[in-house]
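Since the structure comes first, as structure tokens, the remarks are kept for the end.
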Amino acid sequence: MTYPILIVEDDATISTIVSGYLESEGFVSEVAHSGQEALRRVAVGRYSLVLLDLGLPDEDGLAVLRKLRSRISAPVMVVSARNSLDARLTAFELGAADILAKPFDPRELRYRVLNLIGRERQAELPACFRIGDWTMDAVTRTITDENGRDAGLTSQEFAVLLLLAGGNGKVYSRGQIIDAASVASEPESDRSVDILISRIRKKLSVRRDHAWRIVTVRGIGYRAERAA
């Protein structure tokens, strides 16, 4: 599943930079250069997240935020140089899911986007679903076999498995898996991801002769799939 992001930003240079950065991270993005264009786009398209600048040429960004929150369920992150306490509090009162002040580091934008997208992805998953011979419960955060035996996954292992199992075959980079597992972003983190995957495979006996498996995508990361 893709998670399209609408960038509402009147500055063409900034919107191009943000759009390019998000797409380099694997997201799909569209740009609206005014409040009215943003409202037209959300009327006909579905977005997983809206990034909203408050300094728009045709309408105050807070007014646009109010209209967006009444028309869409997707979270809205305010990205603006208008970062006074009053402006931030008003944005939150109007339903902003997060606020990022300009100027910002693209890495911070990435983590905030991943956090908000992650909430939507988790909300789309059923409370319980099967992966091979196992039943995964996203509420109790347990995974049991047909005999009720718990696999004994750690919280990190469960978070990674939930990411992969909910991806419908999507390939997740090691960086995305690090984010899901809350593994410290250090030089050895790639190796930490490989160790985590190995432990999950061992605990679930996820091998090629099973109905479900975790596949290594060389040079990129991992994905989950049903065995043929």
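For all residues, glycine too, the Cβ spot is worked out from N, Cα and C.
Just so you know, TrEMBL annotations never went through curation; they're auto-generated.
TrEMBL lists 4-117 with the feature domain 'Response regulatory'. The 4-aspartylphosphate feature in TrEMBL is assigned to Asp53. For 126-226, the entry in TrEMBL reads domain 'OmpR/PhoB-type'. What TrEMBL records for 126-226 is DNA-binding region.
Non-local neighbourhood of Asp53 (4-aspartylphosphate): Val8, Glu9, Asp10, Asp11, Ile14, Gly61, Val78, Val79, Ser80, each in the same chain, at least six residues away, with C-beta under 8 Å from its C-beta. In the three-state DSSP assignment, the secondary structure recorded for Asp53 (4-aspartylphosphate) is coil. If you take every residue in the domain 'Response regulatory' (4-117) and average the pLDDT, you get 91.
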